[in-house]
Amino acid sequence: MRLFSVPPPTLLAGFLAVLIGYASSAAIIWQAAIVAGATTAQISGWMTALGLAMGVSTLALTLWYRVPVLTAWSTPGAALLVTGLQGLTLNEAIGVFIVTNALIVLCGITGLFARLMCIIPHSLAAAMLAGILLRFGLQAFASLDGQFTLCGSMLLVWLATKAVAPRYAVIAAMIIGIVIVIAQGDVVTTDVVFKPVLPTYITPDFAFAHSLSVALPLFLVTMASQNAPGIAAMKAAGYSTPVSPLIVFTGLLALVFSPFGVYSVGIAAITAAICQSPEAHPDKDQRWLAAAVAGIFYLLAGLFGSAITGMMAALPVSWIQMLAGLALLSTIGGSLYQALHNERERDAAVVAFLVTASGLTLVGIGSAFWGLIAGGVCYVVLNLIADRNRY
């Protein structure tokens with residue numbers, strides 16, 4: 001079977017997608033769970049449920065469509081919950097999750113979201129993706145300031161390997177980084193306990209006020225800051241998967257897992273770019289294997305949910321930042337090329353890129369959404385309206 005003969009770079013791409021996803025935002029989810037009043041055991045159960053939901057959805061969608069469909073929790077949504085769940089009981093928080101995911105399913109069934117995504121120009125989707133990923137590239141080189149030996153060595157090894165064996169460049173950088181981290185004694189594993197954890201069912205409690213004040217904003221943030229960039233990233237990578245089935249499936253799965261702490265599961269953008277890049281596989285039609293590998297790692301991460309945060313804390317942040325930047329480098333470059341090569345759409349794409357990269361947040365919605373809006377407005381004014389006036 002093809003899935004059991006995966007090239008090492010493809011395996012690494014799937015592993016890195018999960019590693020970077022957990023490393024960048026697992027702590028935010030723990031913080032949101034603590035605000036909701038969850039116990040340590042319940043928080044571990046949340047992480048288990050999230051890992052299982054992401055693993056099942058990633059594997060199912062990837063194997064069905066044979067394209068790299070990577071799912072992820074909503075990091076902007078988790079950040080919103082840190083403040084939004086204050087004053088709510090744990091049972092009320094679960095009620096909020098159920099309402100949110102029901103709204104996502106409804107949005108997918110109506111097809112409204114799919115129609116909106118179809119009208120986004122390819123250049124704007126690529127510009128938004130480049131803007132999202134830019135900070136990972138900047139963080140990689142900024143990490144040289146505090147960990148020059150570690151990050152400089154990773155960079156040099158990556159460059160040398162890239163010249164002779166491009167597909168193995170990130171693997172080589174990761175290995176030399178691990179060797180240096182261990183040699184420097186920077187790995188602390190005292191909090192890592194590898195023991196399977198079962199999700200804990202929590203009875204939901206519904207309140208109309210909470211649906212308006214928390215569930216509706218969480219729904220909007222998930223759709224605008226998670227699903228929209230995720231679909232746009234797939235479009236920018238050249239994959240035209242039907243949108244509505246993805247939204248309905250991930251929404252339904254999250255709805256089923258909601259009583260166990262799954263607040264949302266959406267289409268990934270940042271980590272998906274790793275699985276959709278040439279480094280994952282030179283053949284675009286074989287990159288689904290990287291996403292399938294990521295799905296398996298998601299399942300493993302779910303089974304050992306209590307160990308995830310400890311593992312992330314055991315690794316230096318600079319190692320993760322450099323690895324993420326190197327893994328995403330070609331995707332950033334490719335996205336910028338796709339965004340800017342059409343001179344007629346270039347100004348609108350630059351606006352979309354800059355607004356997205358700015359980190360702007362308005363009414364709780366992140367910069368990726370506003371980048372698309374700003375770029376779209378410029379596109380309409382500079383192209384459609386200008387063309388009409390010309391004739």
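Placed from the backbone N, Cα and C atoms, the Cβ positions cover glycine too.
According to TrEMBL, the features are:
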{"type": "TRANSMEM", "residues": "12-36", "note": "transmembrane segment"}
{"type": "TRANSMEM", "residues": "43-65", "note": "transmembrane segment"}
{"type": "TRANSMEM", "residues": "93-114", "note": "transmembrane segment"}
{"type": "TRANSMEM", "residues": "119-138", "note": "transmembrane segment"}
{"type": "TRANSMEM", "residues": "168-187", "note": "transmembrane segment"}
{"type": "TRANSMEM", "residues": "207-224", "note": "transmembrane segment"}
{"type": "TRANSMEM", "residues": "288-313", "note": "transmembrane segment"}
{"type": "TRANSMEM", "residues": "319-337", "note": "transmembrane segment"}
{"type": "TRANSMEM", "residues": "349-382", "note": "transmembrane segment"}
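With pairs at least 6 apart in sequence, the transmembrane segment (168-187) and the transmembrane segment (349-382) have fewer than 3 Cβ pairs within the 8 Å limit; the two do not touch. Between the transmembrane segment (207-224) and the transmembrane segment (12-36) there are fewer than 3 Cβ pairs closer than 8 Å, counting only pairs 6 or more residues apart in sequence, which means the two stretches are not in contact. Sequence-distant contacts of the transmembrane segment (319-337), counting only residues of its own chain at least 6 positions beyond either end whose CB sits under 8 Å from a CB of the stretch, comprise 13, 16, 19-20, 23-24, 126-127, 129-130, 133-134, 136-143, 147, 150-151, 154-155, 158, 169-170, 173-174, 177-178, 181, 236, 270, 273-274, 276-279, 312, 353. Long-range contacts of the transmembrane segment (119-138) within the same chain: residues 229, 232-233, 235-236, 269-270, 273, 321, 324-325, 328-329, 331-332, 335-336, 338-340, 342, 345-346, 348-350, 352-359, 367-368, 371-372, 375-376, 379, each at least 6 residues beyond the stretch ends and with a Cβ under 8 Å from a Cβ of the stretch.
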